[in-house]
Amino acid sequence: MAELSETYACVPSTERGRGILISGDPKSDSIIYCNGRAVIIRRLGAPMDVSIYGEHAHQTTVARFSPNGEWIASADVTGMIRIWGSHGDRALKCEFRVLSGRIDDLQWSPDGQRIVASGDGKGKSFVRAFMWDSGTNIGEFDGHSKRVLSCDFKPTRPFRIVTCGEDFILNFYEGPPFKFKHSHRDHSNFINCVRFSPDGSKFISVSSDKKGIIFDGKSGGKIGELSAQEGHKGSIYAVSWSPNSKNVLTVSADKTAKVWDIMDDGNGKLKCTLACPSSGGVDDMQVGCLWHGDHLVTVSLGGMICIFSASDPEKPPSSFCGHMKSINGLSCLLQSGQRTILSTSYDGAIIKWVPGIGYGGKIHRKVNSQIKCFSATEGELLISGFDNKVHRLPLNESQCGQAEPIDVGFQPNNLRFILKCPDLAFVSTDSGLVLLRGTAVASTVNLGYAATASAVSPDGSEAIVGSQDGKLRIYAIERDMFKEETVLEKHRGAITFIQYSPDASMFASSDANREAVVWDRALREVKLKNMLYHSARINCLAWSPDNRLVATGSLDTCVIVYDVDKPASSRITIKGAHMGGVYGLAFTDENSFVSAGEDACVRVWTLLHK
């Protein structure tokens with residue numbers, strides 16, 4: 001069997017020009033946020049302590065703990081809210097379609113009995129409040145003409161609800177049952193976020209007009225503003241109150257986060273500006289924040305999560321990041337005597353992970369282009385995107401050197417370093433093979449058929465090409481030239497992945513018809529067959545360093561590990577390894593491997609042998 005030992009989680013999904021919502025558990029240091037169809041719970045004090053809820057059928061937008069921390073309400077782009085247990089097996093309590101469009105914000109009432117949600121909808125249905133256990137409506141929310149970006153519930157009696165959105169209007173409702181009381185039109189642009197103070201005495205709204213306005217919590221009247229003299233120079237996307245209701249944290253498109261003192265007269269005076277780490281690009285825009293106990297949490301557009309100390313904001317923050325999009329490449333390296341894992345996603349992110357530590361930093365490139373194919377050695381990266389170019393880049397600790405792109409004529413579908421000949425690299429395209437010597441094309445061959453996968457032996461003497469018709473063609477490589485030697489037929493679907501064993505005595509291949517095969521390289525015969533236990537296309541496979549185990553990852557979300565000296569039926573199956581499918585596998589040692597997938601997470605597994 002296999003045991004999950006570590007999870008390197010994805011970061012929140014962000015969108016330029018929009019704030020995002022993260023919220024905290026009232027009983028612990030856990031935070032909750034959304035990415036894709038998943039809701040991620042992770043502890044600030046132990047970022048690798050991760051739990052992922054993946055029961056939504058559509059992209060999630062916001063999630064919040066109930067006041068007692070026992071339940072979580074999460075919403076998606078279709079207007080659906082699911083309410084489920086925050087512990088144990090995450091049992092679903094109930095599910096309601098609240099709006100006809102995307103839900104942008106939701107909040108529990110302080111007694112945990114009611115929920116208000118806001119977002120997009122048809123007609124005037126932009127806000128709805130309901131009883132959480134029955135779905136019964138508890139008010140009418142007129143007064144908005146466009147998408148409502150934020151809403152909040154007054155945390156003390158008498159209950160009030162406040163909403164704001166793209167129509168530049170802030171509405172105040174009394175209840176329950178809730179009825180419209182009055183509007184404020186003090187903002188001149190989108191009002192991105194509104195929040196009541198924990199003691200219910202005030203609430204604050206922040207807007208793309210760079211202003212923050214403070215109101216009385218009971219009457220809804222305006223009482224003050226954040227100081228414009230020391231204020232943000234860009235849109236303010238999110239705001240969060242301190243537990244004692246005397247300070248707020250704001251984040252902005254100007255790439256800063258600021259802590260404000262809320263004075264007795266209702267105005268806000270700048271206390272300090274937090275020193276958020278900067279890479280110098282638009283990804284440094286701050287789009288989300290949370291004041292959680294002594295933690296000040298900020299989230300940048302690029303997904304960087306920074307944690308400052310509220311009691312000592314001058315102290316450098318701890319920070320961690322991850323992937324935001326589906327991971328499509330994975331490699332395990334030994335750098336400076338330390339085992340590291342590199343993962344790539346198609347949006348161009350290359351992230352380094354250190355087993356036992358987690359996030360080890362981003363690998364920065366001069367040009368952050370999209371990544372389709374990826375291969376790595378200790379000192380070099382081979383990358384291609386969605387053009388005809390291959391980039392061969394020197395790799396330092398956290399930086400890629402520069403190199404001229406190599407035009408190979410067609411869009412590459414596979415890249416491989418030839419391990420025993422560091423100067424050589426192998427590239428396959430849909431219709432041909434290319435051998436690179438340094439940054440020059442040494443030779444090319446037009447195949448005349450549709451190639452779907454390829455591999456090259458560690459010594460560079462042989463290449464295998466898989467095709468759309470399920471055949472494996474083996475080529476000898478002599479003096480940089482390719483010569484076809486034999487054709488192997490066993491697969492019944494398009495070949496999806498080929499990999500030589502570390503000692504090159506065997507190779508494994510997989511297809512779109514959910515089958516994998518292990519071959520004896522010398523005899524050109526099947527060594528292990530009947531590897532037919534996936535229920536969908538196999539996307540990737542990997543060998544253990546001792547040539548004993550083969551792991552396969554599939555669109556069916558599972559990873560299966562086979563022992564080549566045992567029947568395929570004695571496999572180890574990991575169900576639900578990655579929501580949406582497994583797209584990367586690599587062994588770190590004889591008994592551990594890493595996997596990655598569409599859920600943008602990386603997981604480390606330990607094999608427990610009987």
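From the backbone N, Cα and C atoms, a Cβ is placed for every residue, glycine too.
Nobody curates TrEMBL annotations by hand; they come from automatic prediction.
Remember, predicted model here, so these are calculated numbers, not experimental data.
TrEMBL lists 53-84, 184-225, 229-262, 488-520, 531-572, 575-610 with the feature repeat 'WD'.
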Give me the DSSP three-state residue breakdown of the repeat 'WD' (229-262), ordered helix, strand, coil.
0 helix, 18 strand, 16 coil
Cβ under 8 Å, sequence separation of at least 6 from the ends of the repeat 'WD' (184-225): give me the contacting residues as numbers and ranges.
18-19, 149-156, 158, 160, 162-166, 168-172, 231-241, 243-245, 248, 250, 252, 260, 262-263, 265-268
The repeat 'WD' (184-225) [mean pLDDT, rounded to integer]:
96
Counting each residue once, how many in the repeat 'WD' (184-225) are helix, strand and coil under DSSP?
0 helix, 22 strand, 20 coil
